[in-house]
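Asker: One structure follows; several queries about it will come next.
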């Protein structure tokens, strides 16, 4: 080991002498060096000896002994003992905070017990025997500031200053690893280069033998390449996101200096559930969705549920009343035992062990009792149609008898006539149902009835209401909060002569009614068959809304997941590519599109306002998705004044006098707008949080509902309220398209808002898989029609504002263009058959399939539908129901033409004098390629699995053979005069 150069200390340098100098004053005592051995003895060393041994392993044991000098006198041991036993003084508390004191104030002692055998200080022993402390900080804080002075009454507490946790974000953006994303981008680039080279070659090399086939194929291929490019460009920047529910709970539901009681400081959420026809949407399905919402893990006093019955049916009304009654048992049971999922139908049909992770001894008993109660609830729901019909017939007969008695009293001597009374639908309390009757009549039909608002469950109290061990109750609810959220039934008014705008109009009616009754700053939109599968789903979405910069998020879209899908998923009901690839990619741009359900909205974004700081975040038309330009035109305007802006006006705030022209003449509704905007802001707990609200502002109880509030809510759902307003044009769900969801999301992005895609570990929502072929074809037709409407309207992405990012614009443009691909797809599916008929199939046809592989074009149908089977023997019974529709004509025609073309091509080649198999193989290969991608359609068309009639195959074979023979007979091979070549009929 090489020795380090020894640097003498300042004392040794002052003690060294030079022999060459003259006489000097007497030198002070020299400094000697020595080291202590393991026995405690000290060995003296000269400087030379020390230099020679400095490289040994014992050099760390060298000590320096200073002789006594006037400046270095040994202290009397008695004085030393007294000094070291004195505690270190604390600085005066006046004017100096505790956090400015020294972080380690410890008492020292020279007791023999405090020293080890080697004379070292034993810190652990000292802490134990003297009750010393480590100091003070957030790890441990002594009570009273004594800091371990030996007092017996010392205790450990936590100061209020340390109760505030360090600021942490609620969400994180997780980028896709470069090892995954870079190869994906490289593949896209390579495919683009190959496409360009391929199309260039196709255009330059014409097929003179079949110029018309060549022309059609080239046009189709160019369109496919363009469509593929539109689909791939927005996928360049996919991301993932994660939330932290623990941080959300700490910020909004834990005691703090601004919220000493620990009441929930989360904003309110209004959940909208829409249904229209109890025959197509069973009330039991809707009731289960309502129960999953009422049992969601969100503060009870902040949650409200609104059910929109656009059909105004008494069946739906009474089913909701039954659900509200059963909720008194189901919701506390879910809270007590932490049930997942909280849809009773799905929970009791789980195939996994229901007792896993359940530790309470009464769980088995409680589950058995609640299961029995739910079975009785199902029987009551399923028996409602007959119950309503029998009740209405009984009340109608009673009314007829009353009318006959009255007629007999008025006309004693005249012949009695049969009294005709409209057959009304009666409620259980003996009054007319104001909605749609079973036998429609004026003012009581599906398109002509009064508006109805019924509060099924009143607003809960602000304080928890704990249950008890009452023997009359079904289960023991001790220490369980038994409160239920607000539940409201809404059926908007409908009158002849008004355009009610279908689902979009119903949702806007709910927006206005909920603003008056509960005014939740956020709105969760669910279809009646989509229930909450993850009870914390709303908390997950709220993490994004309440995080830094969350005030610029218009909605949080959750993926759609379905149940009841057959094992083979023949119609691609999982939609994996769209929900797990496309939507994640859009999340890396300006946000995913709105898909109609499972979406958490910001209310002020639905009102048509611009996002806060919209002038600062102005990306521009040609900006990339990775950056944006910022403008400081409104740098001197406060964030509060910029919170409610609409349009490009430079006014500091909206003029309240203009609100009635935009939102209608309801003063209740107009007054609720700034309140919803304020309550929807994130907490101002960080300097980077702009446009925030103070903590603890939402802990106050909300106002109770009274008759005037309910009356005002009924007035805003009237059919005339939207006249001469901007509802449906800029405010609320947008009218004018059957795909109102896409248009509504597009308008928000066009104003500069951002959206977020929230994929939770446990699925947030689940719905019933639409698995009927016919219904799914009609659904696809509706979506395609809506996309065409978007393309030919002002909502075309080509006309988007500069606030929409470039790649986001491309994504919306693809939404409007993709239906036109079907035209080129149908033509392209016929080309292999036409080549076989004409006999001009050649090697270039092989390259057409190469284009499909390169560009990712597949001739397939993504089929889903919305129906559920009642067949107890087969849960996928409705999958096999086939109802004829004209939409089946194009795919069936393509299949038949390709089958016939294969038969004709094979027959032509066999009977020809010189068979040309190379031409045959190209056309036959791509005809089979088309048929392969149409297999899911054919499988759905054939019906139940394994039950396809044999006669279908027999007739298919006979038809194919007959057509091939007829073709050869009509067009025999060249050089033969006989029908069928050398073949002769007997």
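Keep in mind that glycine also has a Cβ here, set from the backbone N, Cα and C atoms.
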Asker: Out of 863-881, 920-938, which range is noted as transmembrane segment by TrEMBL?
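Answerer: The range carrying the transmembrane segment annotation in TrEMBL is 920-938.
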Asker: Filter the recorded positions 274, 280, 310, 502, 741 down to the ones within 10 angstroms of residue 527 (Mn(2+) binding site), Cα to Cα, kept in sequence order.
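Answerer: Correct set: 274.
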Asker: For the transmembrane segment (811-834), which recorded stretch in the set 178-199, 211-230, 892-914 gives the largest number of Cβ pairs separated by under 8 Å?
Answerer: 211-230
Asker: Applying a 10 Å Cβ distance cut-off over all chains shown, what neighbour count does residue 281 (UDP-alpha-D-glucose binding site) have?
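Answerer: Summing over all protein chains shown, residue 281 (UDP-alpha-D-glucose binding site) has 20 other Cβ atoms within 10 Å.
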Asker: Identify which of the binding-site residues 280, 502, 503 has its Cβ surrounded by the largest number of other Cβ atoms within 10 Å, counting every protein chain shown.
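Answerer: When each Cβ's neighbours within 10 Å are tallied, 503 leads.
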Asker: Same chain, not part of 274, 280, 281, 310, 502: whose C-beta falls within 8 angstroms of the C-beta centre of the UDP-alpha-D-glucose site? Give them in sequence order.
Answerer: 275, 276, 277, 311, 503, 506, 528
Asker: Record lists 274, 280, 281, 310, 502 as binding UDP-alpha-D-glucose; longest Cα-Cα distance in Å?
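Answerer: Overall maximum Cα spacing for these binding residues reaches 16 Å.
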Asker: How many neighbouring Cβ atoms, not counting its own, are there within 10 Å of the Cβ of residue 527 (Mn(2+) binding site)?
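Answerer: By my count, 23.
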Asker: Return the member of 310, 503, 741 nearest to residue 281 (UDP-alpha-D-glucose binding site) in space, with distance defined Cα to Cα and candidates limited to these recorded positions.
Answerer: 310
